[in-house]
Amino acid sequence: MSVTLQVTAFGLALLSTLFLLLATCTDCWMVNADDSLEVSHKCRGLWRECVTNMQDGVRTCDQYDSILADHPVKIVVTRTLMITADLLAGLALATLVLGLDCITFFKEDPGVKLKLCHGAGAILGAGSILGLTGSVWYAVDVYVERAMLVSHNIFLGVHYDFGWSCWLGMAGSTGCFVASVLLTCCLY
């Protein structure tokens, strides 16, 4: 059962890390929700804003001025948390590979392999908390921004909802957390 649990945790951690990486790199954290004419589809991300013309499918993207320029706090905090979560999840995967029973490295000392698995679980747990914090921070900020506009009866023609990148970040972080629990609590 230990090998099955390890492989399951590894598969979940690998898939979740890929989700986190995709969420960090893609540009649809916020998507327009009020375009009643449906002429275009707008997405805002951590790195740029893209508009897709619905009639001809042409997509244009505007890069933000500079990575070091003044940006809204939600972008800076989310970038920092997501990049750190990506790095931690990658480190956890590398550690977990060395700790798997089916890998012959450190085969003579099973205690070291168990410690590697527990360490990978702890690192994954830290990465999952950072990724979930970044994703939820961004989502809450989008919700608050929209609620402020609605409470002041301001209608700008378009408002934004959570995009698929935001949901992907939340799913990846949750998967890393579940893999962390499997590795730290269920593996003996």
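Each Cβ is built from the backbone N, Cα and C atoms, and glycine gets one as well.
No curator has checked TrEMBL annotations; they are predicted automatically.
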In TrEMBL, which of 95-117, 118-140 is labelled transmembrane segment? 118-140
Beyond the flanks of the transmembrane segment (118-140) by at least 6 residues, Cβ under 8 Å: 9, 13, 16, 20, 23, 29, 74, 77-78, 80-82, 84-89, 91-93, 95-96, 99, 162, 166, 169-170, 172-177, 179-184, 187
